[in-house]
Amino acid sequence: MMIYRQPLTLLVSALAFAGAAVRGVVIDTEGLPDTGLNTSTWTEGTLPPLSDIWTLNDIQIAAKNVLEPRYYASYRTAALDEITYQANLNIWKQVRLNGFSFRDVSDLKLSTTILGHNFSLPFFIAPAAKAGHASKSAELSLVTAAGKAGILYVPSISSTKSIEQIAAAGLDNQTMFHQEYVWCALTPPPPILVFQKRLTSERYRSNKTQLKDELKRMEKAGFKAVFLTVDNTGVNGIRDRSLRYTGTESDTGHSATFDLESLAALRNLTSLPLVPKGVKTAADAKKCLDLGFPAVYISNHGGRVLDGAPTAVEILLDIRKNYPEVFERMEVYADGGVRRGTDVMILLALGARAVGLGRSPMFANIWGEEGVTHMIDLLKTELSTSMQLMGASDVTALNSSYVNTKWVEQQYFGSS
Ligand SMILES: Cc1cc2nc3c(=O)[nH]c(=O)nc-3n(C[C@H](O)[C@H](O)[C@H](O)COP(=O)(O)O)c2cc1C
């Protein structure tokens, strides 16, 4: 049977459409700081102009407007009640900055070295899986934006593009590291139904062949170091927000047997420096030092693995208190919840040599390279102005005299 739409119905639809266009979109900003962002001129599902974007939080709201809900959820998601995810975003409120007035800050130095390689800025694009969910260029726009800005990019082994495609997109003389997981013996790693998870003996054995092959490919492709992620061996955090769309965990398949000594032995599989990523306790950082790793990467994986894990600020303070030699004898990187130049500065002042960003570049990639470049520029501007306002002129000389962390310490260490 044919259904004819009545002229009145058409008129009502047209008015509703016009009304929606006038009203713009209202987006749940999930408690992110109010930056004055006005979405009333935006159209749902459409890329807003970059000229509207003044902060990294604005970038997240834009991504929420544009990305398919399942893809937004997969980037935004975190484990269980997202206590650690929220803590990552909120810890900065408990740190006070000591701004010194009587200093010459006319000559600002933001460049640094990471494992001996020169970079223009002390923050980098951390490994994050599946950039292809945000743009067709996937990881390639992250490569070129990082290359043009002179910052480090560390692609995930779970990227949309291959190790070789990512390397080929690099600019002349661009230095990149690569991330790797300790795979389990099941190949290819099957999706695991979270509620029927069975850890077979296969999952306890590592797949050294896959690991060895991938490490060789990274070497051949010209990557200069490997961040070996150690925080979700065996299982991932349960991430409800993305599970609702998939019913499965997307990036499991990692061995559950690995202790730090066996990880240390993996260094024999490659000539590249290996850096354990996802260290969440001061004691583990010290173990990495004792085993002779050149660096350690403090991270709770953006709150996506162990909910309740401490923030990078707290872990860095714990290392300073209990194992200060870690900072003296190895490089320390950190990430989690970094959205402002002041956040970068706080982690550097607490001993990190470089600071990673996970979600923000992934969200910024909705505009491709231009968006990622804009994100880097925003953070760079915030970092340089904050440095000058603090009386600090060199990122490599930031130290704990610039931060008052007593509030955090009281809560974290108690009265002891
Ligand atoms: C969508 C997404 C995918 C990620 N994939 C990986 C990965 O493949 N390997 C890894 O070591 N870390 C991964 N991470 C963790 C990031 O490297 C980083 O530790 C974290 O995102 C930092 O927190 P932030 O998102 O608040 O900046 C991922 C994070 C996100 C948001």
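In case you wondered, yes, glycine gets a Cβ from its N, Cα and C as well.
These figures come from a predicted structure and were not determined experimentally.
Residues or ranges marked as active site, proton acceptor in TrEMBL: His301. Annotation source TrEMBL lists FMN binding site at Pro127, Ala128, Ala129, Ser156, Gln179, Lys277, Ser299, Asp335, Gly336, Gly337, Val338, Arg339, Gly358, Arg359. Taken from TrEMBL, the feature glyoxylate binding site covers Tyr181, Arg205, His301, Arg304. Residues or ranges marked as domain 'FMN hydroxy acid dehydrogenase' by TrEMBL: 48-408. For 1-24, the entry in TrEMBL reads signal peptide.
It is 17 Å from the Cα atom of Gly358 (FMN binding site) to that of Tyr181 (glyoxylate binding site). Listed in sequence order, the binding-site residues among Pro127, Tyr181, Ser299 whose CB lies under 6 angstroms from an atom of ligand 1 come out as Pro127, Ser299. Residues Pro127, Ala128, Ala129, Ser156, Gln179, Lys277, Ser299, Asp335, Gly336, Gly337, Val338, Arg339, Gly358, Arg359 are listed as the FMN binders, and the farthest two of them sit 22 Å apart at their Cα atoms. For the pair His301 (active site, proton acceptor) and Val338 (FMN binding site), the C-alpha distance works out to 12 angstrom.
Cβ neighbour density within 10 Å is lowest for Ala129 among the binding-site residues Ala129, Val338.
On the backbone, the CA of Gln179 (FMN binding site) and the CA of Arg304 (glyoxylate binding site) stand 17 Å apart. Taking all protein chains in view, 25 other C-beta atoms sit within 10 angstroms of the C-beta of Tyr181 (glyoxylate binding site). Annotation for Gly336 (FMN binding site): same-chain Cβ neighbours under 8 Å, separated by at least 6 residues, are Thr84, Asn88, Ser299, Asn300, His301, Gly302, Gly303, Thr311, Ala312, Gly358. Here the binding-site residues are Gln179, Ser299; the one with the fewest Cβ atoms within 10 Å of its Cβ is Gln179. For the pair Val338 (FMN binding site) and Arg304 (glyoxylate binding site), the Cα-Cα distance reads 15 Å. Across the structure, Tyr181 (glyoxylate binding site) and Pro127 (FMN binding site) are spaced 11 Å apart at their Cα atoms.
A sphere of 10 angstroms centred on the C-beta of Pro127 (FMN binding site) encloses 27 other C-beta atoms.
Rounded to a whole value, the Cα-Cα separation of Arg304 (glyoxylate binding site) and Pro127 (FMN binding site) is 13 Å.
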